[in-house]
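The Cu(2+) binding site feature in Swiss-Prot is assigned to His18, His92, Tyr186. The O2 binding site annotation in Swiss-Prot covers His178, Gln184. The annotation disulfide bond is assigned in Swiss-Prot to Cys65-Cys189, Cys104-Cys111. Residues annotated as N-linked glycosylation site in Swiss-Prot: Asn152, Asn220. Per Swiss-Prot, signal peptide is recorded for 1-19, and the stated evidence type is sequence analysis.
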Amino acid sequence: MYRTLGSIALLAGGAAAHGAVTSYNIAGKDYPGYSGFAPTGQDVIQWQWPDYNPVLSASDPKLRCNGGTGAALYAEAAPGDTITATWAQWTHSQGPILVWMYKCPGDFSSCDGSGAGWFKIDEAGFHGDGTTVFLDTETPSGWDIAKLVGGNKSWSSKIPDGLAPGNYLVRHELIALHQANNPQFYPECAQIKVTGSGTAEPAASYKAAIPGYCQQSDPNISFNINDHSLPQEYKIPGPPVFKGTASAKARAFQA
């Protein structure tokens with residue numbers, strides 16, 4: 001169940017800009033994340049990442065976990081518990097926040113996040129309502145991602161109620177849109193063992209592959225934030241957010 005982190009070389013210049021998740025608080029317990037500028041062989045819950053620089057293509061395999069290759073440890077949490085991720089630094093105030101989970105088919109040691117198994121547990125965009133909204137591009141503070149710039153650089157999400165137990169990856173993703181038509185993706189992954197006796201699992205309509213949940217040409221990915229002649233709208237990419245028991249009940253009612 002445990003794996004040792006491999007070593008990876010980093011350029012010091014990568015620390016000068018952008019950012020990455022470097023710590024977590026899960027179910028009230030603090031967990032250090034991977035520190036790319038510290039000695040190798042770190043026993044942490046987070047998949048190692050190469051640097052603070054973005055993934056620039058929606059089809060790049062690194063989009064899944066920023067090139068991460070596994071972790072030695074995992075956190076334990078129950079449905080309804082809170083996951084808080086903290087970034088060491090963050091400077092971009094326009095774009096969405098997406099938080100995903102993925103149920104591993106077995107042990108973490110063989111879990112690579114492949115296939116259409118990723119589901120969102122949280123998202124925030126312009127004013128954080130997760131729907132198409134009119135966007136005032138001259139007011140970057142209208143984006144919830146701006147809270148990472150002016151606040152403590154942390155974002156909290158809840159594990160879906162009634163989520164079935166098992167080994168999961170949790171993936172935090174920031175998509176910076178401050179450069180028109182040139183999106184920047186910042187994903188990191190960590191390992192969580194969900195406990196309890198829940199039975200809620202997302203249906204196929206809530207799941208997606210990463211990469212694959214979006215295309216580079218999508219209007220909400222290659223987004224011209226500076227073009228005021230266009231209808232100023234933004235819809236967060238990907239499937240709807242899975243809320244666990246509530247989502248399962250809603251689906252059963254619709255059926």
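For all residues, glycine too, the Cβ spot is worked out from N, Cα and C.
Everything Swiss-Prot records as a feature, shown here on the structure.
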residue : record                      : contacts (Cβ under 8 Å, 6+ apart)
His18   : Cu(2+) binding site         : Tyr52, Asn53, Pro54, Gln89, Trp90, Thr91, His92, Gln184, Tyr186
Cys65   : disulfide bond              : Trp47, Trp49, Gly113, Leu169, Arg171, Pro187, Glu188, Cys189
Cys104  : disulfide bond              : Ser110, Cys111, Gly166, Asn167, Tyr168, Leu169
Asn152  : N-linked glycosylation site : Thr86
Asn220  : N-linked glycosylation site : Cys214, Tyr234, Lys235, Ile236, Pro237
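Neighbour density around each Cβ, counted as other Cβ atoms within 10 Å, peaks among the recorded positions His92, Cys111 at His92. Ranking the binding-site residues His178, Tyr186 by how many other Cβ atoms lie within 10 angstroms of each Cβ puts His178 at the bottom. Considering only the recorded positions Gln184, Cys189, the Cβ with the fewest other Cβ atoms within 10 Å is that of Gln184.
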